[in-house]
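Structure first, then comments.
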Amino acid sequence: MLMKTTAVHAPASQGTSGIVLDSLRVAYHGNVVLKPLSLTIEPGEVLALIGPSGSGKTTVLRAVAGFVQPAGGRILIGDTDVTHLPPYKRGLAMVVQNYALFPHLKVEDNVAFGLRAQKQPKALINERVTQALKTVGMSDYAARYPHQLSGGQQQRVAIARAIAVRPRVLLLDEPLSALDAQIRHNMVEELARLHRELPELTILYVTHDQTEALTLADKIGIMKDGSLIAHGETRALYQHPPNRFASEFLGRANILSAIALGITEAPGLVHVSCGGAVIRAFSRGSHHGYNKLLCIRPQHLSLTPRSAYSNRFNATLQSVHWQGDLTHLLCDVAGETVRMVLTHVNPLPRVGDKLALWFEPDDAVLIEV
């Protein structure tokens, strides 16, 4: 795969810079494609924006980059209002899929391109190029041309070119989507390592791949129909999604009908009628009422209790799907289908078996319909 990098032409400022979006709104020909959105990305933080096609995630990134003019609101990078500044004055770099490295330039010259555009001294250019190639593990390929590299190697060169200019902010727009699965997996690990080595770099990462987001991001924002419908720390958002769309888009989830009965003695937990049983579940909202939903991740269910406080559903096994290291079970729980994922199950239960499905109260989340 070939990548295009857009880099600043002015020296990046010292220190770290976060991003603040203040009621940012974007419209094309009068049609609103991004509803007023407020979001803060802390300095040195990796924020992943995920969502289906057309949700507005790439529009946010392009607005931050300066390629889309907002219809309202402000964009701040550090303490600077960049809303109306051209891209080259924003102190950022951007890696986008499906655009070529310069085919007539060697790897080292591709990486040096932004620095030369900045008219940096030759000694500084050589130092930055050497360091950037070392950071992405491409030092041995400095004299090669793009056509002599694999897709993953070309991508590393594109990222090296971006970080060589020492941007305040790095924007990544689905940079792994065109790579094969194994290369993509390796590059996710490489990007995680890159941020460990450059902890001062603020990264806005747009992807449709939830695994990339979960692996790389400190925080995740979930977009739908031009709105930010969920935002939070990665683990907390996965563990306790605020709504059905977030729970199902960020990983697989069982969604069951439920009735909230009232608070328990434990903070944050409520009694819930669900699946033919009264259980305890996490809730951040109303503690009473009908028309609630219960969210449980398939991997949070087990065939044995994990503690004295474990919840239990009685279930009938409908199907078994063995997939090597994992076994997927589909069960009937009070007329609703529940999926569970198990490891190292021996012996395997049989279709029609009566099972007890156990889960911890904090792994069950009460959400609104």
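From the backbone N, Cα and C atoms, a Cβ is placed for every residue, glycine too.
A quick note: this is a predicted structure, and the numbers were derived from the prediction, not measured.
Noted in Swiss-Prot for the protein shown:
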DOMAIN    19-250  domain 'ABC transporter'
BINDING   Gly51, Pro52, Ser53, Gly54, Ser55, Gly56, Lys57, Thr58  ATP binding site
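Same-chain residues that are not part of Gly51, Pro52, Ser53, Gly54, Ser55, Gly56, Lys57, Thr58 yet have a Cβ within 8 Å of the Cβ center of the ATP site turn out to be Thr59, His208, Met223, Lys224. Under DSSP, Thr58 (ATP binding site) is assigned to a helix (H, G or I) in the three-state scheme. In the three-state DSSP scheme, Pro52 (ATP binding site) is classed as coil. Most other Cβ atoms within 10 A: among the binding-site residues Ser53, Gly56, that distinction falls to Gly56. All protein chains included, Pro52 (ATP binding site) registers 13 other Cβ atoms within 10 Å of its own Cβ. Counting other Cβ atoms within 10 Å of each Cβ, the lowest count among the binding-site residues Gly51, Gly54 belongs to Gly54.
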